[in-house]
Structure formats: C-alpha cells, structure tokens
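S.K.: I grabbed these lines from Swiss-Prot:
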- K14: active site (ACT_SITE)
- D149: active site (ACT_SITE)
- P107, V108, A109, G110, G111, M112, A113, G114, G115, S116, A117: ATP binding site (BINDING)
Amino acid sequence: MNAPTSVTVRVPAKVNLRLAVGPVRGDGYHGLVNVFHAVSLYDEVTVSPRSDLAPGQAVLSVDGERPDHVARVPLDDSNLAARAAALLARHVPHATGVHIHVHKAIPVAGGMAGGSADAAAALVACDALWEGGTPRERLLELAAELGSDVAFPLIGCTAVGTGRGEQLSPLPVQGTFHWVFALVDGGLSTTKVFAEYDRLRPDAPEPTLDDALVAALAAGDARRLGAALTNDLQPAALALRPELGDLLEAGRAAGALGALVSGSGPTCAFLAESADHARELAAALRASGTCADTVTAHGPVPGATVV
C-alpha cells in the first residue's frame, strides 16, 4: 500500500469553561484546573511530503477568512505545528520533510488555543502521512511536551486539565451548548496576561474544580452552566484591555446566559439558550460596536480528525 501524498486534519477551537489559576510551581508553571470545551470552529491542517527537506523539517503556509489574523501566524520554527512535526519525526521510522498548510478559522492570539490546535493537528496528520501508527496515548505525551494546551485538541469534547493543564480527564456532558464568540482587533500575549495575573493576585490559592459546573454539564443545563463560568485570568485581561469589559457587559445586556474572556483573551465567549438565540445575540453584539466581528459555534465536538 502506497503512502498518502497528503493528509488533512480538521481540529476544533476550545473555550475554557473554568480556568482556575494557582500559584507558580517549582517548574515555573502555574498550577491549573482548566475545563476545556471543544467547539465547532475549525482550523484545517494539510501536510504533504517534501523530499528536499530533512526529516521533520517543515515549510509553512497559511490562509484564512481574516487576513489580519493570517498575518500574525509565524511561518518559522517558532510555529507550534512545525515544532510538532520535528518532534514526531524523532519518534517514527519513516519521517520526511513536510509542507504544512494551515487554513485558519480559529482566532489568532485570541485565547482559543488556535496555535495549540494546529500543533495537535500536525501530530495527527504527520503520523498518518508517515504511517507511524503512533498510539493515541503516545501522541498525548508528545503533545504535552509541546505545550500545556496541545493535548486537549487531540481528544476534544469536554475535559478537565490539571497540572499545568495537560493531564486530561474527560467530563460527561448531556446535549449541546450554543456559543457566540466576539472577536476584537489585536491579540493578547498569554505571557503578559499571566504576568499581570501574578501582579494582581500574588497569593493565589490552589486551583479547584467547581462541582456546580460539573453538574451543569452532566445535566445539559445551559442556565446553570452560564452561572458557573469562571476565568481567573479575566481580571488580568481586562486590566490590559479595559474595553473588553464593555464587550462583556453588552453580551449580558443582550441576554447571554454567561459571559467571559476566553482563556487569556481577547476573544470573549457568550453562552446562548439555543442556536436561534446565538444568532440573535451575535447580531446584538455586532450592533453594539464593542467588537470587530462575531462567530457562532456549538459544543462539545470531537478532537483532531483526519478528513
């Protein structure tokens, strides 16, 4: 059987339903309890072999619907997808050089783990291209080496991440939840947001999982879930981008069941009652003038999948 000439993997964005941030640990990372929720906003990563490159070496290209976001994607070795290919190549016998093409729909530097999702997709795509047959458990270990948020897009759905966020345990979810994501101009540096968090909260307690949130997910109760959404990084994101406070308030005024900054921001997430309510909420947010654009999505959805 001939090896494939290219492989495309579709990978979802995430929203953090709970991001509890503890003190800095001895390894320099913050302890986290992070409830990840995969939503139907997807990047597509396509890999194809390049015989003129060393095994694991990658060249990158990117396109997408939003040129301002595409322009912010690094095309050098700092790109997590390129690092994923290089890492996997050290662990499979028939690695080649690769061209990695990313079609972006997940906001860049928006707090929805777009770069991490692309890295997860690159692991799956390169393993299929190189016929590595790497077990999913091993891919999860490699993903954790790349970054705290890279493992979750491999499994998708809804999961709690502990440690620095990479130790995953799936959570039961009943039904489907509907979301609006409000996009704003510019990004926010995760490093700067965590630094501001440390300044604002130097004596952070150990992070915990919220039983009310877990129960709301298991019951499929959107109203209870909306009331349980929390993000410890939100005050830091608002300190760096105060205008996000107006955006969150606009969503609440328009009837969102819950509103929060997604991850380190600046994208903001709003929970709706239904798909119709999500469309109405998105229109109200655009009309408010507090965001550049909106997208609607639902979750949970599966993780990185070959298409």
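Every residue number used here counts from 1 along the chain in the order it is shown.
For all residues, glycine too, the Cβ spot is worked out from N, Cα and C.
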S.K.: Reduce the DSSP letter at G111 (ATP binding site) to three states and note it down.
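M.R.: Going by the DSSP assignment, G111 (ATP binding site) belongs to neither helix nor strand, so it counts as coil.
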S.K.: Within 8 Å of the Cβ centroid of the ATP site residues P107, V108, A109, G110, G111, M112, A113, G114, G115, S116, A117, which other residues of the same chain have their Cβ?
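M.R.: For the ATP site the neighbour list reads A13, I106, G263, T267.
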S.K.: Per DSSP, to which secondary structure element type does A117 (ATP binding site) belong, with helix, strand and coil as the options?
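M.R.: Once the DSSP labels are grouped into three classes, A117 (ATP binding site) ends up as helix.
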S.K.: Around K14 (active site), how many other C-beta atoms are within 10 angstroms of its C-beta?
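M.R.: So the number of other Cβ atoms within 10 Å of K14 (active site) is 32.
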S.K.: Please list, in sequence order, the residues in the chain of G115 (ATP binding site) that are at least six apart in sequence and whose C-beta is under 8 Å away from its C-beta.
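M.R.: Looking at Cβ-Cβ distances below 8 Å from G115 (ATP binding site), excluding near sequence neighbours, one finds V73, N79, L80, A81, V108.
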S.K.: Quick one: of P107, G111, which of the binding-site residues has the smallest count of other CB atoms within 10 A?
M.R.: P107
S.K.: Using the alpha carbons only, what distance in Å do you get between G111 (ATP binding site) and K14 (active site) once rounded?
M.R.: 8
S.K.: Please name which of the binding-site residues listed here, P107, A109, A117, is nearest in space to K14 (active site), Cα against Cα.
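M.R.: Of all the candidates listed, A117 is nearest in space.
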